[in-house]
Each structure stands twice: as C-alpha cells, then as structure tokens.
C-alpha cells in the first residue's frame, strides 16, 4: 500500500512540474495561432475588450453560407457557392435494374442510398462516388472524370470579406498583418463524377455532392454553448427561430434555402446546432420535452431525409457515417469486370442524349446491379418470388454497429417542416433502446472480477456479511418449518385478533386465501362435506356519515347433500394442490347461485358517466331513497388482500375527514357478482344512457337551420372512441402496478392503462390519432399533456367525483381527423355545433368506450417486455363502491385553461382560493395525512358555489398517506412501518425537489405543490412550455424571471417553493399569511 502512495505522489509531482501553456490554440491543419487581445481571435478575461460575439452561421443546400446576428436575427453577410447537390443521378426518375425499380438517394458525403419500390425499403448501397468512379474506369465504356476535392476559405467573421482560399491548386493570397477581426474557416469537401460517351463527347450522367464544415480560427470548438436564447430550426422551410428559456419567440429569420448545417459563434467558442438533435428542431422540441417529463431516454437521429425540388437526398449523422463505413468495409469487393463478358459501346444521337440524361446507361446499370445484389431488398425479393406478398410498410435500414443494422419504421420519422408546401424534411430516429440481455462473461473477465474482489477489503467484508445473513436465514427457515404448529399456538390471542380484523375487511362472496386453504388441507378436512356457509366472512361495514342504511348481500344457504358420490369418496386421494383448487372453485361458485342482487343497481339510478381512468369509473347517480345525486366511484378489485388494501386506501382516508375544503365521503361497500353479471349490466346500462343522449342530440340538431358541408361534424352515432379506450383493468392483476406502464399497440383490441392526461386526451379525440401521426405532424401538446402521473396506485383525477368526460377539451380545438373513425373536430371558429351538441357527443363517446368491457385487455410492462392477457383470464374480482359528494363538472385545471387573461384572475379572488386550499391541507396535516398529489386537476368546485364566491374542494386522495407522528416522515401503510417514504409518487410537474431526488420527505411536499398551484393561479402562462420551465426553475432552486412581473406575490411564492423543506411555512402559516389577508 505504501508503494502505491509513493508512486501516486511521484506522478502528481511530475505533473506539477510540466509547463502548461494555456495561451496556445491549434486548428485542424496544425497551424499555431497565438492568443492576444489585439487580433480579436480569443477574448481572454484579462483583456479590456470582453464583449461577447453572438453570430449564427447557416449553410443551405444551394451552397449559400449566411451569417446572422444572434441577438436580432438580421443578416450580416452572405456568401454564395456551387450547390451541394447536383447532377442527373440526384434528379433522375426511378431506374429499372433487372425488373426492380430503384430510386437513387445520394448523400451529401458521397454515398448512395436506394429506395426499392417492390419492397418499400430504403437502404444504403455498398457503393460511393469513389467506387462508382473506379468501377466505370475499369469497365472502360465511358470517359469518366471526378474525384474528391477539399477547399478551405477564410472569411472575416464580422464583414464576410474573403481573406484567402486554399485548394489543391494553390493557397493565397495571404495577408502579412494580423487581422483585427476573427477569421471563420469554411471547408468544403466535394465528391464528383462525370461520365461521357467516348465517341461523341456527350455527357451521359453526373453526380456531385458536397459537405460544408465551419470552424473558428484560434477559437474553441464546444459541443454545447451557454447562451441566453435557444435556436430552433425548420430545415426544409429555411426558417430559424430564436426563443428564450420560456419558449417565447425572440426573432425569426428565413435564409431562403433548405438548411443542412448551422453553427453558433459565441464569444471565442463555436458549436454546431445539429439538425440530428430533435431538441433543436422546431417541430420536435415538444416531444423531447415530453420524454424528459416522463423520464424517457431521448432518441437521437441517425439520418436526415429531405427533398430538393421534389427529389430525395440524405444527410448522415456522424454516428451513421462511422457505422456504415465499418459495415461496408466488411463486404466483399465488387467484381465489376467479371460481370461484363462482352462490353458494348453505346452510340449517341438525339434520342440517346435524352436517354442518357434520364440515366438510361448500360455501364451505370451494371454497376448498380452489382451493388444491388448485396442489398437486403434483393434478398427480400428472392424470398417472395414464389408467391405474391402484400406490400410492406416503409422501412429504413440504418447501420447500428459495424456488424449489424436496424430497421426503422415510419413511427420513427419526424417531420421537420411546418409548411405544407415545397420541399420536405424528416428526422430518422434510432429505434427505442432494447432491454439489456444477460451476458455470460468470458473466463478471463470472470477471473479478473474475482481477483478485484479478493484484493478489495471492503468487498470481502461485504461478501462475508452477506454470506452470514444467508446462512442465518436458511437455518431460521428450517427451524420454522420443523415446528409450524408450535409457532402457530404461541400467540393464539393475536391470531384471533388478526382473524377478526380480516373478517371486517372481507365480504361474503370473497374466496378463501391460500393460507386458509393450506390450514384446511393440513388439518385433513373433508372438503366434500364442509358446508360452504361454514367459511363465512363478515361484510365490510362502511363508515357512515349519513342516515342511509347499509345493507349486506343475502346469505345463500347451500343445498344439503344426502348422498355421497364416488367422486366424494375419492377426494382423500387428492393432492394438496388439487384440494386447494377444489375448495376455491366451490367457494367461488356460491356467487353464481340464483338470488344475487346488486346493491348499486337497487339503490341508485345512473344519470351519467362523469369520469374514468386508472382502475375506476365514476357515475353521477341519484339515490332512490333520498332522491339526491351523488358521485359513485366503482373500482374493480382482484381477489387478494394487497389489491383490496390499495383501493381501500382512498375510502379509509375519506372516511376520517369532515372539512368543507375536502370532498365529502358518505359510505362504501363491496360487491362480488357472478362472472359475466357485471358485463351484462354495464352493457344494458350504457346502452340506455347512449340512447337517451342520441335522442337529445337529434333534437338539438333538428332545431338547427343551417349547416355547411365543409364545416359539419360527423354524426354522433358513428362517434366511437372504443378503439382507444377499454374498461379500467382490475386492481391487483398487473404484475407490478406501481412501476409498470402500458401502451395500446392495437387500440381496437387492447385497452391500455392510462395516466390522467392520456385519459383526458382520449375523451376529446386527442388520443385517437396514431402515434406516428402525432409525431409526424408534431402537433403542439396541450397544457396538461406534459403531466405524467407516476402514481403508485392507479387513482387519477379522471376518477374523481367531478371529472367530466369533456372537461379537458381545449378552448381552441385543432383540426384533425381521427384515425380510428371517431368524431372529426374542426376549427372552433367554423364549428356550427353549439356547446350542447359538443357536450352530448363527448358523453356518447365515453359511453361507447366503456361499452367494450368484454373486449378489454390488460397490457403489462415489466423491464420493457410486453405481456398481454385477456381480462377474463385474470380471475374473478369484486367491485368496491365509494359514495362521495358530487361536485361541479369542472376542475381547477379546466378553469385555468379557459381563463387566460389577467382580468379573469383578480388577485383578491386568487388569494381567497389559495387560502381555501391551504385550509384544506392544514386539516389533512393535522389529521396526520399527506396528500402527495395536489395539482389543479385534483381540485374541484362545489355545487354550492356562486358566481361571486367559489368553494374549492380537494379530492382524489388515492395517494394520501398516514404520517408517523412528530417527525411527519411518511410511512407506507402496506409495508413495514419502519420504512421511510421515498417513493416517487404523484405528478412529476408538481413534485418537490426531495421527491424528485427520491429522498425522505414530510408534509412540506404539499406546501411546495401548493406554491406551484398558487403560481399557476396568479400568473397566466402564455404557453405550456413557459409553465414547465418555471416549475423546473422552482424545483432546481432557481428564481424564475417571470416572478418579476408579479412583485407583490414574489416573496410569498418563493417561501412556499423554497428548496429546503424546513424553510417552507406550514399549512396553518400559509392560511394565515399576511399576503392572503
């Protein structure tokens, strides 16, 4: 060990003695440039002139380089050169190669891609301009010329004056004096080839491609630059937009050309604004933002596909270039000479001149034919020769590594153009990262790992501690198994109390647990003679807050069996597993006997489906007894305690609360209908409601006197969102409901579990569009779209008692057509339907979504592996009903979305609302609970509200958790009581810094969320991005600049959103704060 420290000290001493010259910079051609204050190249901290240079350099496909002022977007200078792409190969029609139609797609770095019409595949050909030139020379049929050339030109950065040029012929003219302004270097790499007829000298075909690179002489190349604005690109449109950190436009400029490269010079640094980064593209920036909000890995782009006057071209990313180069090197050399046994020279006349220009040339055909032989399209065609195969979806072959390639479908294409006319451009994103497979290390690697642990004292101690722990666990397990009855009788009193508690939380229709079956089997009970009624549970007694009488399901007496059959006598020979299964089936079968009645159906009349999401459906129902309307939430529960405890959490929390600022709870019960009973009841119920709504819609439309063919909305009787929604799944049937996410690969068959925002979008058609369409057209996300409910259970605001099926409709619906045959929404200014029509159609859409219960599927994801199972295969389930106070069919989130002006948000009213929320939180905290998911979507308006006085109520307590007393560090109710809460639950946009860091947290997380909600009430954000960035600043501890617009509220909001929880006020201190008085 001492030798190690001696060597380390010697190395550090050596490094300290080595001189370091920070004033020298080197450029690519090894010319040393000395930094100084006078030459304007590098502005050091010690120089007097320290103004930051901010210039944007753009290169377009027509060969024009433009310099823009980074502060204003005004053009500083412009330099024109030859186009980067030209020639007959780049503007040719499809070529017929042996019966295969190929469309050539050249790349700017001199390679050729092909689009094969037969296989609908885009892939690189194993050929470049260099190999094409070599092949045509070897064939000797044409006179060819071409090659690669590199030209470097130096320009004054500020004036655009050309100082010098260096090419293959010469370099000059030089300047003996040191320039006063920085010099920008523009390097152009050109690959060109021309083929001519040897007799007539007529050009047959040609191709020229070029790339442009920009560097700063004496400057520093940096991958990322720190700037006050962000540059966004619309490459096909030639538009550059500068936005601030709140995504507000600073300036916008059109450079009149298809943009292929952009650089930014800031100070003495230069960095490329890559067109392969989706965050730099105007149309894909929101998708990147969404992936960050959902903690998903950002996809990078391998290729950029664009068109020039309607003809395609490709730009390869540096990664794609390197991968393709290594892959092509592994292919065998094209044996071009051996393919042509009898070369023929082509004659030239007026017709052949035209044909030559259309790439009708035998030499080129031969070269392309040999290249095509090695393509995947050729292999696909060979396999499908025997029969006619259906046309495949478009796919793009991109090299993943030097030895493999990946197929990229249209779902990974992103449009970069806003304009619907002119040329187009698409980013070709990499496929989603695959799950890392287990890999067995080689023996050498394994031995190295073992020795690294042997010589690491910490690792040895950890290994021994783990070994001792495993040994103790094994010994304890053996002792426990050797005397199960002794351990069972040690605490008979505790066991009786546990059994009593278990009785209180089950209904008569629940099947016995595995432990109970195990006890019956071990005690040798005769399952054939055990009466079903002997295994009976006491029903769940709801906590009453009204005089409504509770009822239990009637006990069904089993038929007495007088004769014992042969099957009964053979049960003694059954195995333990068979006895368990038999007992469970017989217990479950009691619910199939005649006489079952639904308490919900007997006591309530459903008026409307007002919400759905996660695992629940919320009905607006009228009590037959007192004729009052309530919000009744129904949740499907699997046959196990863990699932029941999860869904009972909200009911148990609500039962403890009695506060005007919290949704009121009345009572709850459970039902366990026979298999298929609930599905049939839902079908009848929803069909009846739909018929009533259709009749209402017919009457409304009948009264309308004018319609426009171009502005009409599709008839509501065809409006179905069933392809994008399924009945909520059963709680407890997912493998890991806390950590799994779901998706609908086939919406008409698979009903995915949704987040709050996704469910809301589905209600008004936003989710009907396919993923590819949304991403391709890059529709801007609505204000609620960036929110992702990463809840540990599936309660969402859509299940809350006032969630309206149409409450999340945007005020300005965008025009699009549903891909699933749903309602077609048109622009709000042209919509001839009134609000009543819209509302009725939304309700019908929800009903039709719920009506596909029998086709519902459960989609589970664990470690990115999809598992799809039919709902009916998940086992029997019970239904938990929670009766709650009915609120207005709008949330605070809906109000915020509609109230965009400051006039609609008087500060006095906003203060009153914040005070109401603080009062509700104070009550929760005093009761020892933390809400953990406070957001506008979980705040509702009471039906007792008036125009002058709105009463707010906090709802959706599915994530509310009990605290452990004085420290108020949250503890999971369904886990060990010593486990501190660090789980990342709630909505990410409204999480506190300690939640985002997975640290221990207290009730102060609700105060932080309240601060964000207060900010959203006081400040009217112009865009969703502005709100996201503001909240992100709060979560990072930065002070958002937008607070300067509300100086009277600034200190109050900063107190609530303090980075340190101890510095945030309590809910009582917020409610009594002088700012709110």
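Every residue gets a Cβ built from N, Cα and C, even glycine.
From 206, 585, the position flagged in Swiss-Prot as N-linked glycosylation site is 206.
Ranges compared are 412-432, 433-453, 454-474, 475-495, and Swiss-Prot records transmembrane segment for 454-474.
Using a 10 Å radius centred on the Cβ of residue 616 (ATP binding site) and all shown protein chains, the other Cβ atoms total 25.
Look at residue 933 (active site, proton acceptor): DSSP puts it in coil. Cα to Cα, residue 933 (active site, proton acceptor) and residue 206 (N-linked glycosylation site) are separated by 64 Å. Reported as a whole number, the C-alpha separation between residue 616 (ATP binding site) and residue 206 (N-linked glycosylation site) equals 66 Å.
Counting in whole angstrom, residue 206 (N-linked glycosylation site) lies 66 from residue 610 (ATP binding site) by their C-alpha atoms. Residue environment of residue 933 (active site, proton acceptor) contains 27 other Cβ atoms, counted within 10 Å of its Cβ in all protein chains.
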